[in-house]
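A.B. asks: Pulled these features from Swiss-Prot for this protein:
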type: BINDING; residues: Gln15, Asp17, Arg167, Phe182, His183, Tyr184, Lys199; note: angiotensin II binding site
type: DISULFID; residues: Cys18-Cys274; note: disulfide bond
type: TRANSMEM; residues: 26-55; note: transmembrane segment
type: TOPO_DOM; residues: 56-61; note: topological domain 'Cytoplasmic'
type: TRANSMEM; residues: 62-89; note: transmembrane segment
type: TRANSMEM; residues: 99-125; note: transmembrane segment
type: DISULFID; residues: Cys101-Cys180; note: disulfide bond
type: TOPO_DOM; residues: 126-141; note: topological domain 'Cytoplasmic'
type: TRANSMEM; residues: 142-165; note: transmembrane segment
type: TRANSMEM; residues: 191-216; note: transmembrane segment
type: TOPO_DOM; residues: 217-239; note: topological domain 'Cytoplasmic'
type: TRANSMEM; residues: 240-268; note: transmembrane segment
type: TRANSMEM; residues: 279-304; note: transmembrane segment
type: TOPO_DOM; residues: 305-359; note: topological domain 'Cytoplasmic'
type: REGION; residues: 335-359; note: region 'Disordered'
Amino acid sequence: MILNSSTEDGIKRIQDDCPKAGRHNYIFVMIPTLYSIIFVVGIFGNSLVVIVIYFYMKLKTVASVFLLNLALADLCFLLTLPLWAVYTAMEYRWPFGNYLCKIASASVSFNLYASVFLLTCLSIDRYLAIVHPMKSRLRRTMLVAKVTCIIIWLLAGLASLPAIIHRNVFFIENTNITVCAFHYESQNSTLPIGLGLTKNILGFLFPFLIILTSYTLIWKALKKAYEIQKNKPRNDDIFKIIMAIVLFFFFSWIPHQIFTFLDVLIQLGIIRDCRIADIVDTAMPITICIAYFNNCLNPLFYGFLGKKFKKYFLQLLKYIPPKAKSHSNLSTKMSTLSYRPSDNVSSSTKKPAPCFEVE
């Protein structure tokens, strides 16, 4: 609930109806610490993912294209995280100027949409590869994957435009601090409603439903195949992996989406209780830490579903350089069914079972 006051020296001066909301000493210590941890772990992990996929795996599969772009999107966001750490440590005083305020804010929004869209495409690709491997072969090409990623980056950039346009540096007169924040000229504006609903629906609900549907259909197809093979342990493993993927996405983002919706209600003046505003403003940076920390782990999480990725990742940690030239045959194992003959029965007499792997 922020009301416009005046403009001076190019910086708008405003009043905050709840000046103490979210301003707690433990937040100013805990959140910068968590941001620093996310920055170090995220930069290290995602950089290794980029190196493994591009230099070791040679970017030969559709899913590897999505994983590479996922890691790159995370790195773009992580580069701005130190700014937010300093901002929070300085008790929400923005010292970096208006341009960095816009760029850093747009980076957060860009990462949200790019990551969610890429994970959604990855789930669709996995569904097509496992449930319809033959029918989808002509559609699931490297060219299609790269064009899809370009479109995703453009859409994420478009979704980030409101942050560039409406996020600015403001001077709050009744607290005497300069903040980097959204500010709406009128509480009757439909803009916060539109942005909030876009974030809730396009940035979470629709992608989650697609991811849930894709992996449910994958599990049913694999369950049927393993029942024919009477391979119950393998079936249980696949179920656990799929459940982990779906729940990992859901619980990473649902807290942030809920408090984003509540924040919109506060901005519109529908919620006027400063106690509720304090809860929302206190919880928001915590939910951001949960969402974006898990987001930055996604490339590693998905990558480690594949044996080749794990193999090359461990080689990289041991400083074993990639081979100058790959002699492996053209493989689509990362995004198609792989088959393993039974140890006890000849492959000519027993149909092999499909394998859910990311390689």
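Using the three backbone atoms N, Cα and C, a Cβ is placed for every residue, glycine included.
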A.B. asks: Can you tell me whether DSSP puts Lys199 (angiotensin II binding site) in helix, strand or coil?
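C.D. replies: DSSP assigns Lys199 (angiotensin II binding site) to helix.
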A.B. asks: At an 8 Å Cβ cut-off, counting only pairs 6 or more apart in sequence, do the transmembrane segment (279-304) and the transmembrane segment (99-125) clear the bar of 3 or more pairs?
C.D. replies: yes
A.B. asks: If you draw a 10 Å sphere on the Cβ of Arg167 (angiotensin II binding site), how many other Cβ atoms land inside?
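C.D. replies: Summing over all protein chains shown, Arg167 (angiotensin II binding site) has 22 other Cβ atoms within 10 Å.
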A.B. asks: Cys274 (disulfide bond) to Asp17 (angiotensin II binding site): how many Å between their Cα atoms?
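C.D. replies: Here the two Cα atoms are 8 Å apart.
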A.B. asks: Taking only the Cα atoms, work out how far Cys101 (disulfide bond) lies from Phe182 (angiotensin II binding site), in Å, as a whole number.
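C.D. replies: Answer for this pair: 10 Å between alpha carbons.
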A.B. asks: Of the listed stretches 26-55, 62-89, 142-165, 240-268, which one has the most C-beta pairs under 8 A with the transmembrane segment (191-216)?
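C.D. replies: It is 240-268 that shares the most Cβ pairs under 8 Å with the transmembrane segment (191-216).
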A.B. asks: Once the chains shown are all counted, how many other Cβ atoms turn up within 10 Å of the Cβ of Cys180 (disulfide bond)?
C.D. replies: 23
A.B. asks: Looking only at DSSP and grouping its letters into three states, which state does Cys101 (disulfide bond) belong to?
C.D. replies: helix
